[in-house]
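Structure record follows, encoded as structure tokens.
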Amino acid sequence: MYWSILAVGIGGALGSLFRWFLGIRLNGVFSGLPLGTFAANVIAGYVIGVAVAGFARAPQIAPEWRLFVITGLMGGLSTFSTFSAEVVQRLQDGRLGWAAGEIVIHVGASLLMTMLGIATVSLLSR
């Protein structure tokens, strides 16, 4: 149990720091368009796809590694709460089109990247 707690905690800390770094580096690129949040979510989507498919093909890997990568690292990196707050801010500002676009792009790209991650493992495993 202690290894599981450490795996999630350390992974979560590292993922959160990477998300923070992406925000610092990318959120100022386009005014009003939080690219850091988008990058965090699509990167996490891809890596989660790779991880889910990879761990499914390698059940001998200790479960703590799955907890570290998926629950900790990618859980800390991906940010549904920040995405939600940004969309609500657009709605409060009366920017309904921006809010709708952000929802479609974030969710669509994240799902697409997860599928791409799974497909990557599938192709590399042939």
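Just so you know, glycine gets a Cβ as well, placed from its N, Cα and C.
Copied over from Swiss-Prot, here are the features:
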type	residues	note
BINDING	GLY75, SER78	Na(+) binding site
TRANSMEM	4-24	transmembrane segment
TRANSMEM	35-55	transmembrane segment
TRANSMEM	68-88	transmembrane segment
TRANSMEM	103-123	transmembrane segment
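Under DSSP, SER78 (Na(+) binding site) is assigned to coil, being neither helix nor strand in the three-state scheme. The binding-site residues considered are GLY75, SER78; of these, GLY75 has the fewest other C-beta atoms within 10 angstroms of its C-beta. Within the same chain, the transmembrane segment (4-24) packs against the transmembrane segment (68-88): three or more Cβ pairs sit under 8 Å, each pair at least 6 residues apart. Long-range contacts of the transmembrane segment (103-123) within the same chain: residues 37-38, 41-54, 57, 78, 83, 87, each at least 6 residues beyond the stretch ends and with a Cβ under 8 Å from a Cβ of the stretch.
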